[in-house]
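*Asks:* From TrEMBL, here are the annotated features:
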type	residues	note
DOMAIN	A:10-52	domain 'RING-type'
DOMAIN	A:92-135	domain 'B box-type'
COILED	A:201-228	coiled coil
COMPBIAS	A:326-337	compositional bias 'Basic and acidic residues'
REGION	A:326-944	region 'Disordered'
COMPBIAS	A:454-468	compositional bias 'Basic and acidic residues'
COMPBIAS	A:510-526	compositional bias 'Low complexity'
COMPBIAS	A:527-537	compositional bias 'Basic and acidic residues'
COMPBIAS	A:592-614	compositional bias 'Low complexity'
COMPBIAS	A:679-693	compositional bias 'Acidic residues'
COMPBIAS	A:718-741	compositional bias 'Basic and acidic residues'
COMPBIAS	A:742-751	compositional bias 'Low complexity'
COMPBIAS	A:761-771	compositional bias 'Polar residues'
COMPBIAS	A:772-787	compositional bias 'Basic and acidic residues'
COMPBIAS	A:799-808	compositional bias 'Basic residues'
COMPBIAS	A:857-873	compositional bias 'Basic and acidic residues'
REPEAT	A:974-1017	repeat 'NHL'
REPEAT	A:1021-1064	repeat 'NHL'
REPEAT	A:1071-1111	repeat 'NHL'
REPEAT	A:1115-1158	repeat 'NHL'
REPEAT	A:1162-1205	repeat 'NHL'
REPEAT	A:1212-1249	repeat 'NHL'
Amino acid sequence: MEQFEQLLTCAICLDRYRNPKLLPCQHSFCMEPCLEGLVDYVRRQVKCPECRAEHRIPYQGVQGFPTNVTLQRFLELHIEITGELPDPTSGQIMERCNICSEKAYCSFCFHCDKKVCPDCKGAHMDILRREICRINNQIRRSIHRLQDSLSLVERNTQNIQSNCSSVSEEVEEIYRRLSKALKDRTDYLRGEVDRYLCTELRTLTGLKENLEQEISNILSNCDLADKHINENVDWDDCELMDAKEIFLKTVEFIRNFEYENSDYGRKVRLILAHDPNQLVLHVAGFGDLNIAHQQFGGSGGLLQPPGGGPGLMRSKSDHRLATQFRQQEERGYDKGYGENAQDDLPLSGRKFGDRTTRSTTSNTDRYDRYGRGGGADYGDEYEDTNRPARSRYRSRFNRHAPADNDSDTEPTTRGVRFSEQHKERERTLDTEEVTRGPLSGIQRLADSPRVMKKLQENETNKKKEKENPPAQPPPQPKVTQPTIKKPPVTTRQVSEDDEISKIKKQNKGATTSTAPPEPTPTVTVTKRADDVEDRHANTRRTPAPEAASSGEDSDASESSVQQIQRKTVKTPIVNRRTSGPESTPTHKKASRSTSSDSTTSTESSASSAIRSSTVPHTPEETKPKYTPRITESTPERTRTTSTGTSKGSSNQKTFQSRFLPNRTPTVVPTPPSPKEPETSSEEETESEEESEDETPKPVTNTDMSKTDIGALLARSAHARDTSDTSSKKEEPPYSKSRYDDTPTTYTARTRNTPKDEEPTGYTSRFINKNRTSTDDTKASDDSDRYSSPKSRYSALKDRRQRLARSKSSHAFGDDDETDEAISPTTANPTAYMQSRGYGSTTSGNDLARSRSSHALKSRENSPDRTPTNEKDGAALSSWARYLKNKYGNRSSGKDKDTGTGTVSSSGSSSSAARRLSLGLPLRSSDVGSSDDDQKNMSGSPTTPTAVTVAAAGIAAAAAGTSPKEQYLQKCNLLFKIGGRGSEPGLFTWPRGVAVGPDNSIVVADSSNHRVQVFDANGNFLKEFGQYGNGEGEFDCLAGVAINRIGQFIIADRYNHRIQVFDPAGRFLRAFGSQGAADGRFNYPWGITTDSLGFIYVCDKENHRVQVFQSDGTFVGKFGSMGNKPGQLEHPHYIAVSNTNRVIVSDSNNHRIQIFDVNGKVLSTFGSEGSNEGQFKFPRGVAVDDQGFICVADSGNNRIQIFHPDGTFLKAFGSWGSGDGEFKGLEGIAVTPSGNILLCDRENHRIQVF
Amino acid sequence: MAALPRRIIKETQRLLQEPVPGISAVPDDSNARYFHVIVTGPEDSPFEGGLFKLELFLPEDYPMSAPKVRFITKIYHPNIDRLGRICLDILKDKWSPALQIRTVLLSIQALLSAPNPDDPLANDVAELWKVNEAEAIRNAKEWTRRYAMDN
């Protein structure tokens, strides 16, 4: 056999003969490439390798040699005998590879749409694999969106459930009340009737008896007179006289006696206050369920977090993958809705199983685009532009093309490649029977028979020999991504395998219970060792709660917020497959749970609002019940808000700004004047909204927010929206009534509050609060607050005092707290307005607030309180509440100053007004305690706002009013850190500074070759790094950045590399080396990271900016040496705004340049000089969440602050070593609260403004 | 670099699996076209007992062109010069794609047992070989002992 085999082997290629050609010397060789390669073209000869005989080549070339038919038979025979597979290339003809031009058995490569040789194809497949990995990473990174949506949906489910249950409770309650009232009244009436009957009967009987007696007396007299008053009897005169008198009297009596018919003939009648028919009607229809529908337009914005709004998309879209992800989602959305189903479904249209081959498809075929990604699409795209938004997305998605209209210029190649992947998928995976995401139509790869097969094969192979695995796993990852399984939440933790495996395990557990479609694949997958597989497994595992989703669905249908629900639902479902709720990685869970809690509460408030709205006309009786509740509910509210704000606020902001752009305008600024307690609930919600609305502050935070909180925010926002809408609808009628009542007080009050007055009273209070948590102190604070009083406050004060008296101090404290809680809300709206040009409060406030006093408060708040607000809310019809809010808002919006002071007084009147508006009688008794409470609450909110404002103004730390104002006030040093030295807390030429997610201050202590971390107050926390060029060692590091998951990214300047450390300061990875090629550096200096984790590095001596993925993969670069726009000369520092504007200090050109993420210049400002808006060697740049840009104007030793558009706002600082003086500025950073951190290099310190 | 042609892979595998007696050829870790070769001196030749190191490189168009082979160990041989270059027809014009690494190495081994001073590369050696074969053989043995043993 061995020899037989040998006979079938070509001596040249040592392979089995392929198309053996017989030379005249009787030796045979494969035609291609063996014989072909032997040809001496010059002499048109071929020399037999075996016998060296030379033969002329026939006219047609080596093809002309006769085929060795015998040998071929033998070959066939051999194949038959051994049963081995025929050579796949047999019968094929070699062609030139379209890539490397080598002759080979080319096959079609879907990656490049050409016929290529196996080598090239392999390379391309590698590329694809890598790309898939990358995309996978992106997906992982963004999967949290779906997960967030999932949790949103879960929340919604809960909310709806709680909402419905509370509504039904309410109904029950009312039913009980009504029936009780009815019964009571009935009983009472019956009793009355009985009593009446008795007494009447008694009198009547008495009368009857008397009358009878009279009659008998008189009759007997008459008889007697008849009989005896005559001659017969002897009467003396005296007797007769008497008798006559008696008879006269009798006559008199009879004449005069009149039965008072009216008295005793009174009929009892049941008088009904209302027409019984009406009454029945009323009762019969005593309540209605009002389901608030969200308007598509308005709510759409809210929902965007999950779905992704155009704005967002655009802003992020530069990161192609993100965009694609988005688009896919979008597409999924479409599909889920079944709208445009036919044309919309790029996925379904091309289905993985579809074999739409490039050759068959025509250009016109839309799906073809996937294959081509080519220019042909452009035309289509433009057409599409005119279509409604949705279809546009679709079209975009279809293209995946470079032609994305939204300013994202994606590198063509990439786009093309990506699309090709799709194609490949198409052909590979037969997915007809595969489960797909109900929303997105994304298939579960693991279900695809092909994938399963692949996996299995791989498995078996692995068992056989462990060398092979690399070959096979790749296909899976490939698959995995395209499908957008969105591998488990893990995005962030990708690096941590442990985590993943853990999750996997969890998932597994989940899976088993959830009964995933096909068990087999699971097993296979499970065994894989590779990371990829792990992920895959995860994906599969997660099938998660089908039930939940279905439940959600049904809920959604019921829900008032159907639109929202729908949206949310859809996303979550996709999620579902990826990771069931249970599967969510633990660590994430934690963060989420906290935030979600807050959300829930918010939502609950919203729901309560809805609920209340459902019962617009609360019967009289209901009221008393509600009032007590009210009292209780407040606290929780407060708490909620506080938690929400403190935890999520910073993060939230970013998100919101991105996601809710549409919303913002609609948001009703919260009135500083919640008059009634009920208002508070609504207000709170709104406050949260507002805080979120405010443009994001900390860029750093952005990242965080994305991962964890974004969705939550969205959710809460959405919840709020709902409440808003519902309340809005009903508003009109109420507003009037309320309006009527209030105006007087309102206006009067409003006018009075001058701004200046607030500070004194309020500051003290604010400060105190921060320090103390005891109720007593608060009380005293209050008194302080009011001691500064103006006339307008007196009323309030009175009330307060009264309250204080009537209530225990504790209660008082509570009140206070409530106020506080509310205040952030209030403050926010104002801030919002201001930011819009209205005026004064800062977003910074909430932050400061939430962290400091607010946090304290929230902690203190007694849980009992919570209920109050809700109930309260319930008690008040939502409109009433809404009106109040609205009203308050308006006033505050118009004159903020007034708003604050004003509201306080309105307390009692407002409550009364509310009652009236509700049609409830004013009952003094009822009002008693609860009312007091209400008043208080209503009154207090005002003050807090003022406090905040004042505090902000005074203490720069607490952040000023609007960012602008805040910045305008800057110039006073808050504190400074360090001094020269190498001890912890000292510096030697600090260069980079950054703010960590927890507000920590991170300093690149350049010449001490280390990174130091301080807390927000400048207390030393830790340090890491030392001199050297090993892992975790630095050589004069310069820039430092912190990404959203707290990793430190450090520009290791003299080592020409970037190092990444985990949040604990442990070395994770390094990338780059000296050079000018892509991914190499020449003295990298400033560094920053954006919300997607991309790393931007100022490659100083290469005069460019390079962009990397968080794992260090080179993504792109821009800039070259020069002074034209878009060129750079020694760029030093860099910052990225949350709108993805890349701000670079073009130091030697004395200007700041702003790029988009693709490196296109957006704007440039500044020139050399020392006037305002001019620079001398600007270095550090920072951008806050509002887009304001801070520049460390190194040569002028000052800080300059610019509007987002680059116009000058403020400058401060000068040369020197005192406070607020600088010697050689380096990095700069802005904290979420608006503090400016500054590296004062030659003074070896950090200054904070 | 393009992937390794199947022929090279096959040859390498076969070399490792069925080594030729007296010859070992191991591909370099970093370059599969580069082989570290050790050839034992054939019996009954002045090179007997020596282990001769060679390097062998398969050019890009192998097997259409001959591999490059060179002695690393110094050897006293009329057809091998001081740089270790080998004068062997099949490595030059007589190359045939039907030849393989193993055949080449066998040829080289054969060359050691049958020096061909008439087609010299090292002229002085060839001269001595022709004039005084005994001395030449002595030299060869001496060199073999000195350079090709104990290392």
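In case you wondered, yes, glycine gets a Cβ from its N, Cα and C as well.
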*Asks:* Determine which residues of the chain contact the repeat 'NHL' (A:1071-1111) at the Cβ level, with the cut-off under 8 Å and only residues 6 or more beyond its ends counted.
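*Replies:* Those are 134, 137-138, 141, 316, 319, 322, 654, 699, 702-703, 706, 991-992, 1038-1045, 1047, 1049-1054, 1056-1058, 1060, 1117-1122, 1127-1136, 1138, 1140, 1142, 1144-1145, 1155, 1157, 1159, 1180-1181, 1227, in sequence order.
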*Asks:* Relative to the repeat 'NHL' (A:974-1017), which of A:1115-1158, A:1162-1205, A:1212-1249 accounts for the most Cβ pairs at distances under 8 Å?
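*Replies:* If we count Cβ pairs closer than 8 Å to the repeat 'NHL' (A:974-1017), A:1212-1249 scores highest.
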*Asks:* Tally of helix, strand and coil residues over the repeat 'NHL' (A:1071-1111) according to DSSP?
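*Replies:* For the repeat 'NHL' (A:1071-1111), the helix, strand and coil counts are 3 helix, 19 strand, 19 coil.
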*Asks:* Is it possible to list how many residues within the repeat 'NHL' (A:1162-1205) are helical, extended or coil according to DSSP?
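*Replies:* Across the repeat 'NHL' (A:1162-1205), the residues distribute as 3 helix, 22 strand, 19 coil.
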*Asks:* Roughly where does the repeat 'NHL' (A:1071-1111) sit in mean pLDDT, to the nearest integer?
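*Replies:* Looking only at the repeat 'NHL' (A:1071-1111), pLDDT averages out to 89.
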